């Protein structure tokens, strides 16, 4: 099976901005965007000329430059991405769960489906209180033994769930049949090979 990526993200797109006269003095309050980085400059310029005045505010240069923005954008683009791989002998799913501790993650199998759940209770951050939860389900390939499914969490926050594929699915269906050699059978039984002798009188 070919590699398949399943990204998801949230798009910011307010159709109007009642606080544009208040910006940028209080921009920090309204531009938190719940952890999402601002739109890249070229998107902002395109949207501001799209015929929808006020659709997107002009962004200050500081908002789109610098390592902090690059790190935030990199994290957002890499967050929440699920990657499924299937090799000749293994099936594997990798999922970015960097916001969750190991004890906040649950991996279980039921009816040929792997279910990954993450949840942490409400906690305080620099902007207030936040809670997160998610559930992802993946169908196991036919014949996979659910008791052999294993999972591991990397220090970078990548959860890997994998299982060996059954032998019947990984081995070729081609079977070599040995050829045995037999001498040609003699017709008429063992006595047929004897030449008949004329009877002497």
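Each Cβ is built from the backbone N, Cα and C atoms, and glycine gets one as well.
The domain 'sHSP' annotation in Swiss-Prot covers 72-180, and the record cites sequence analysis as its basis. For 12, the entry in Swiss-Prot reads omega-N-methylarginine, with the evidence type similarity to another entry. Taken from Swiss-Prot, the feature phosphoserine covers 15, 27, 74, 78, 79, 82, 94, 172, 195. For 119, the entry in Swiss-Prot reads N6-acetyllysine, with the evidence type similarity to another entry. Annotation source Swiss-Prot lists phosphothreonine at 170, citing similarity to another entry. Feature annotation from Swiss-Prot assigns region 'Interaction with TGFB1I1' to 68-201; the stated evidence is similarity to another entry.
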**Item:** Integer Å distance between the CA atoms belonging to residue 94 (phosphoserine) and residue 82 (phosphoserine)
**Value:** 6
**Prompt:** Which number gives the other C-beta atoms within 10 angstroms of the C-beta of residue 94 (phosphoserine), all protein chains shown included?
**Reply:** 16
**Item:** Between residue 94 (phosphoserine) and the residue listed as 'N6-acetyllysine': CA-CA distance (Å)
**Value:** 18
**Item:** Residue among the modified residues 82, 119 whose Cβ has the most other Cβ atoms within 10 Å
**Value:** 82
**Request:** Name the secondary structure element type, per DSSP in three states, that contains residue 82 (phosphoserine).
**Result:** strand
**Complete:** Reading the DSSP string in three states, the entry for residue 94 (phosphoserine) is strand
